[in-house]
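Sharing the features that Swiss-Prot gives for it:
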DISULFID  39-84  disulfide bond
DISULFID  136-147  disulfide bond
């Protein structure tokens, strides 16, 4: 497998902070949005190009991996605290059809909706460091997979009230680039 790279060509590292910025314009990086002011918060695209979004951290499910690998399952979270009691770990809410927070980093056997994988964008116009995120309830890239089931699909953008949310959209996947958050 290949490591996932940021825009500078460096490998994404476990627990480091990155912005996930949109390749498509208009639209900023990934951030959080409150559905009708309630909790848990949804993962959304920032409305303005200038806004890089909130910093994200990635945690490969394979504990031996300090580098994020293409196609291997991982947990994604916004490390900054929010006003909601739920965790800021991403999860795919199958009922609503959107990515929200309140996920788990459990390595439990069986499928759960907090596992994601990053894959290279496959469109003809894609650049080498363009990626897409898939919802993968069963582990991949680990010694003992938690279950056997393919990924559910690739995340795309969908209107969700006033916000642009992430849903499964294989027809029109959302392509992003990772920008390391500069210290200080």
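Placed from the backbone N, Cα and C atoms, the Cβ positions cover glycine too.
I would like each feature placed in context: is it buried or exposed, what are its neighbours, and how far apart are things?
Around residue 84 (disulfide bond), a 10 Å sphere centred on its CB holds 15 further CB atoms from the protein chains shown. Mapped onto three states, the DSSP output places residue 84 (disulfide bond) in coil.
All protein chains considered, the CB of residue 147 (disulfide bond) has 13 other CB atoms within 10 Å.
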Report the member of 39, 136 (the disulfide-bonded residues) whose C-beta atom has the most other C-beta atoms within 10 angstroms.
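Max Cβ neighbours within 10 Å, all protein chains included: 136.
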May I ask for the distance between residue 136 (disulfide bond) and residue 84 (disulfide bond), taken between their Cα atoms and rounded to an integer number of Å?
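With distance taken Cα to Cα, residue 84 (disulfide bond) is 25 Å from residue 136 (disulfide bond).
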